[in-house]
Amino acid sequence: MIEQNKHQQLRIGLASPEQICAWSEKILPNGEIVGQVTKPYTLHYETNKPERDGSFCERIFGPIKSRVCACGNSPGIGNEKIDSKFCTQCGVEFVDSRIRRYQMGYIKLACPVVHVWYLKRLPSYIANLLAKTRKELEGPVYCDLFLARPIAKKPTLLRSRGTFNYEIQSWKDIIPHYLSARPHYLFARGSGTFKEREIATGGDAIGEQLTGLDLQMIIDRSHMEWKNLVELKWNRLEENQESTVDRWEDEKIRRRKDFLVGRIKLAKHFLRTNIEPKWMVLCLLPVLPPEPRPIVQLGEGGLITSSDLNELYRRVINRNNTLTNLLARSGSESFVICQKKLIQEAVDALLDNGICGQPMRDSHDRPYKSFSDVIEGKEGRFRENLLGKRVDYSGRSVIVVGPFLSLYQCGLPSEIAIELFQAFVIRSLIGRHIAPNLRAAKSMIRDKGPIVWEVLQEVMQGHPVLLNRAPTLHKLGIQAFQPILVEGRAIRLHPSVCGGFNADFDGDQMAVHVPLSLEARAEARLLMFSETNLLSPAIGDPISIPTQDMLLGLYISTVENSQGIYGNRYHPYHSEKKSFSCKKPSFYSYDDVLRAYRQKRIDLYSPLWLRWGELDLRIITSVNQEAPIEVQYESLGTFHEIHEHYRIRKGRMGEILNIYIRTTVGRTRFNREMEEAIQGFACFEHPKKSLPALRI
């Protein structure tokens, strides 16, 4: 059983036969070792009790009822009780029935079996280590081809290495006739010695090749070959050969380099984790505890349903027992080879049904659900039962756009915020002596008085929250934000951060989590804030960019009459085409423009003259000064030069008195926002310098 206080991580990997025995075997108080499943039976058809040494045996996996043995006795009942921990009649220990959730068993295979995950899956680790293709390995694995292995300094029949077709009928007559003329072969069972010493097939053939691997030598040789390929590639580049043949050769070199890199990584992983490659060939097959593969009766006397894993285990045990009997009786070689192939197929179906072609099916033509089907997918053990569980201090709601938010802020509904931060609010209320005890603080929170919202806002100021949108495919799928209380029930989000979440505002939901510890809050503040994650982790391009809605809004707010100063006396964007004075209003500052807009004296697209604070025209005109369109003289001798985009007022001597630029309310507002943003960034970068006002 996994105890929370002792285990802090879970690693999935290959297990050695010794480790499988340690998981499965246990020593009873009488010294008997149990753990091996030898019978294909599950429950007795009359008593519905587990069969002895079967896949539900109580001696192996523990009692069905806590502290009650298979005989029905308990430690306090019965005169034949010798030990309070053990029943001498049935051999069942008096322990808690929860042991059946984690106590495993094992099947001792009569022949080694290759683990199909490491053979058929991509990439094929066995094929990678042995530097062969999967098709070359499938022949020996499924007993279609045989591996010749001449032994040095010993009498041998075969002089070849590698795989070959072993025809049973042709060799059955040749080998005994050959051995009868050579009495030094007759110390054993004739052709049996030849087959055991010089021919291998099935899991034996693959296991022997994996056992003889030197991982460090594989790394060194692969690295040397990779360097040679790199030098060959550079030589081709220097020769500037671009023919079709050379392109094919370059592609072959690239594929070979990728293969070598993968092989080096795999060998280094085996060395780093102290895993032996031969463990990819199974000699002992673990049997899952009974709880993950239950047998359930539907009602009293009703139909009994069983997990598909039980049927797949039954097939493995039946075929394994058949092969054991054949080997014990020295059965026909063709039968033995055929049975080895059947065991390999049965184990393949148990681990991953259908990976080798047509899956095994039940009487209703439904494919059996294998171990891979149980653990993979959205409804598998990991995602359904282990991941995605409900956690404390978390919530979930629909996201909507928050145009008033900064990039690092998110709008948190008050209903969600008061639940997430309730513990912090209670502590603050009691610490400030606003509430005398816990009950009074909870009562104040239920009443939702004004003081509660004030305390909540103070608590949220220094406490970031994490927003997560499933599926979390990269690190930007979960980011930290500073929460802001908002009305309603939807989480408000800045539109520019949607790129990292791959989210939009068409009904997407997000989960919100509250980091509790000081370390988690510091990590969220320093590493996970949205304003510090502006670049894509995959390609490095900006990922927090203006959305299409923002760009369209900016375009609409800053659009002006295409005719400019030459427009007619009717405003082109006015809905009723009302006439207005040709004399455009003049304003001294941004505030005057926005004040007039709020008072509805002008609209968003009204052309106006705004006084320009700088007398340097280089930032609004070209190098060559354009001629004025119109010159207006005043009675005191001053005059106005009207240009297309600006107006200059000059004195009698030609000196510049002031400058007005032609713009609109929308452009004025946009320019002010940009100026404040740049000014704030400049002050943040150079806090000790007084920067002049920026004009855009």
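Every residue, even glycine, has its Cβ placed from backbone N, Cα and C.
Just so it is clear, the model here is predicted, and its values are computed rather than measured.
Taken verbatim from Swiss-Prot:
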- C69, C71, C87, C90: Zn(2+) binding site (BINDING)
- D504, D506, D508: Mg(2+) binding site (BINDING)
**Prompt:** Closest to D504 (Mg(2+) binding site): which of the binding-site residues C69, C71, C87, going by Cα position?
**Reply:** C69
**Request:** Could you tell me which of these binding-site residues, C69, C71, C90, has the greatest number of Cβ atoms within 10 Å of its own Cβ?
**Result:** C69
**Residue pair C90 (Zn(2+) binding site), D508 (Mg(2+) binding site) - Cα distance, angstrom, rounded** = 58
**Request:** Check each residue in the chain of D508 (Mg(2+) binding site) that is at least six apart in sequence and keep those whose C-beta is under 8 Å from its C-beta; list them in sequence order.
**Result:** V398, I399, R469
**Request:** Could you measure between C87 (Zn(2+) binding site) and D506 (Mg(2+) binding site) for me? Cα positions, answer in whole angstrom.
**Result:** 64
**Prompt:** Could you tell me the C-alpha distance between C71 (Zn(2+) binding site) and D506 (Mg(2+) binding site) in angstrom, no decimals?
**Reply:** 62
**Message:** Using CB atoms and a 10 A radius, I'd like the single residue among the binding-site residues D504, D506 with the highest neighbour count.
**Reply:** D504
**Item:** Inter-residue Cα distance where the pair is C69 (Zn(2+) binding site) and D506 (Mg(2+) binding site), in Å
**Value:** 59
**Message:** Cβ within 8 Å of the Zn(2+) site centroid (C69, C71, C87, C90 excluded): which residues?
**Reply:** A70, G72, N73, T88, Q89, G91, V92
**Request:** List the other residues in this chain whose Cβ sits within 8 Å of the Cβ centroid of the Mg(2+) site residues D504, D506, D508, in sequence order.
**Result:** I399, A503, F505, G507
